[in-house]
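Just below is one structure, and these are the notes that go with it.
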Amino acid sequence: MSASSQPVLVADIGGTNARFALADTSLDAPLQQDSIREYAVAEFPSLGDAARHHLEQIGATASRGVFAVAGRVDGDEARITNHPWVISRSRTAAMLGFDELHLINDFAAQAMAISLLQSDDVVQVGGAAWVPGKPGQPRNYAVIGPGTGLGVGGLILRHGRCYPLETEGGHVSFPPGTPEEIRILEILSEQFGRVSNERLICGPGLVNIHRAVCEMAGIDPGQLQPVDVTARALHGDPQAMRTVDVFCAVFGAIAGDLVLTQGAWDGVFLTGGLTPKMLDSLQHSGFRQRFEHKGRFSSIMARVPSLAVMHPHAGLLGAAAYAADAERDAPGVAA
């Protein structure tokens with residue numbers, strides 16, 4: 001069996017969890033469902049150890065891999081933004097006995113997944129109806145998603161090929177759009193100095209917003225986790241409800257700015273671990289109002305679809321799409 005016909009080990013590595021699967025890149029639905037596993041990254045000293053453990057658990061071997069990591073990839077090295085792992089591509093490949101290993105940014109993988117998503121993998125959160133593009137159609141998409149941090153990327157489709165945009169856009173400065181948000185920025189600046197979008201739009205960001213909302217109300221916020229904030233909001237707690245409202249509005253404003261920055265008129269995909277959990281809030285909040293409220297471009301923005309990705313393993317799917325694209329670039333393979 002040739003290397004290109006063997007399953008590829010794909011991974012989606014975040015600051016909290018590591019997900020692995022085998023993928024058959026010849027298929028439109030490449031993930032082998034019975035091979036998908038999730039592990040806590042804190043349980044392993046390195047990515048190589050986690051990958052080797054996974055292969056042992058499923059009783060499989062692989063000679064190639066595509067690992068999507070939540071951090072910047074710089075040549076041979078990647079650093080997980082919210083975890084102390086420092087990953088060397090060459091050392092990890094040698095540890096696993098791989099002939100080929102690609103390290104890509106996790107939101108490059110989220111972007112690549114768009115090329116394999118179907119209509120039932122997404123839920124519309126406003127804008128014109130989205131129809132998956134036909135092969136060869138040019139498309140520009142943005143991708144943004146809150147989880148442990150805030151990931152930002154994009155995808156350009158040209159001539160049947162996918163070109164992901166790897167960015168660290170979650171770390172751009174937070175631009176408040178209301179007097180309340182200006183006050184939130186002031187409060188968070190006292191703790192963090194510079195305040196990035198990720199300080200608000202992610203799991204820990206919910207807690208940060210809640211603390212600021214409580215401070216403005218003269219209320220002790222307590223020691224809460226993100227899940228506590230959303231649970232309190234569901235039970236009618238005023239500060240928690242306001243926190244969710246602010247979160248959704250700011251998320252919409254940032255997503256709209258991303259569309260303008262990238263020229264992503266074909267749509268923005270909302271991914272990350274929080275998006276499915278907060279879907280109802282996003283659909284019944286100021287998300288789209290702030291998304292569309294872009295001055296002279298408001299009428300154009302009203303047509304841009306925003307789509308919540310509901311596929312449970314979009315990062316793995318995108319890593320598989322990247323592997324398939326890499327195979328087309330391999331020597332001796334016709335484009």
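Every residue, even glycine, has its Cβ placed from backbone N, Cα and C.
Summarising the annotation, Swiss-Prot assigns ATP binding site to Ala11, Asp12, Ile13, Gly14, Gly15, Thr16.
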Binding-site residues: Ala11, Ile13 - member with fewest neighbouring CB atoms within 10 Å: Ala11
Shell of the ATP site beyond Ala11, Asp12, Ile13, Gly14, Gly15, Thr16, same chain only (C-beta within 8 angstroms of their C-beta centre): Asn17, Ala18, Arg19, Val41, Ala68, Val69, Ala70, Ile80, Asp106, Gly315
For Asp12 (ATP binding site), the number of other Cβ atoms found within 10 Å of its own Cβ: 26
Gly15 (ATP binding site): tally of other CB atoms within 10 A of its CB: 21
Greatest C-beta neighbour count within 10 angstroms, which of the binding-site residues Gly14, Thr16: Gly14
Reduced DSSP assignment, Gly15 (ATP binding site): coil
